[in-house]
Amino acid sequence: MPGNSGAAPLPALEPHADLQALNTFGLPARADRLAIVEHPAQLAALLAQPDWAGAPRLVLGGGSNLVLTGDFHGLVLKVAIGGRRLVGDDDDAWYVEAGAGENWHDFVRWTLAQGWPGLENLSLIPGTVGAAPIQNIGAYGLEVAERFASLAVVSLETGASFRLEAADCRFGYRDSIFKHELAGRTLVTSVTFRLPKRWLPVIRYADVAEELAARGSVAPGPIDVSDAVIAIRRRKLPDPAAIGNVGSFFKNPVIDAATLGRLVAGHPDLPHYLQPDGSVKLAAGWLIDRCGWKGRDLGPVGVYERQALVLVNRGGATGTDVRRIAQAIRDDVSRRFGVDLEPEPVFV
């Protein structure tokens, strides 16, 4: 893993850089300058340059959780810090570190190939390792926070490097401190995961259980679970390389018991899931589908016909188009159910 010590040359700065290929929605936008950061020391050297002392900065990983609404007048930092290694173990877990620029899915499959299970439910999620804790990505009964040990970051304000433990990150549902107090103020350079030696499969979702059964997996191992999740995701979700999208566009809303009672009275078939804290999680895709949006377009952006949670670029869409259909969907769901949908991606 690249360290933070030693001299490193400044990364090349590309002026008036095209960002369309760097965001999975395929939205057109340009940046005043684009820097590809392959080593933490490059970042420190760049931040020391007076030309960029007060300039707006945007950290870009895989561009899979981003809606670009126009040109970015500042410096875009594309994270390309690589490397992955076992950094230690104890009686309970292996500790595995990866550079923030590593492809998330490739990293997950690599850990499984090494015999270090624990991330299999998060297979095929687009994006980079560094973005995973920022969003606290999750799928099929598991969140990154449950396998997280620590991360290394660089302050974009001072250039100082420091490490954050799990409690420091304030993880929540698709949430972390990086979306609040530290939003736009840091760049993650590496992440260390805690992968359990006493592994048990997480098969709480019916889709996963049914897929494993169809494959004849009576006592599934980690790779079996990963393969099942990959198959499910490929059936339900479009490949960003073929159809522009950012995966699930809306968070599943969390409500209280009183709101649930009101909703179930009018919609007895409403899917809902009780949470450990007594709150109730709803299926945003079901709400969107009931409002008639599944498979429907508004201009060049549409709701994917196989999964109502996903918005897709039908061709030539802009960030303004995405914002328009997202707001229209939110308005319809609010009018019909009295529930507010919150977008997952960040609008810039």
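Cβ coordinates come from backbone N, Cα and C, glycine included.
What Swiss-Prot says about this one:
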DOMAIN    27-198  domain 'FAD-binding PCMH-type'
ACT_SITE  Arg174  active site
ACT_SITE  Ser248  active site, proton donor
ACT_SITE  Glu344  active site
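According to DSSP, the residue listed as 'active site, proton donor' sits within a strand segment. Across the domain 'FAD-binding PCMH-type' (27-198), the model assigns an average pLDDT of 95.
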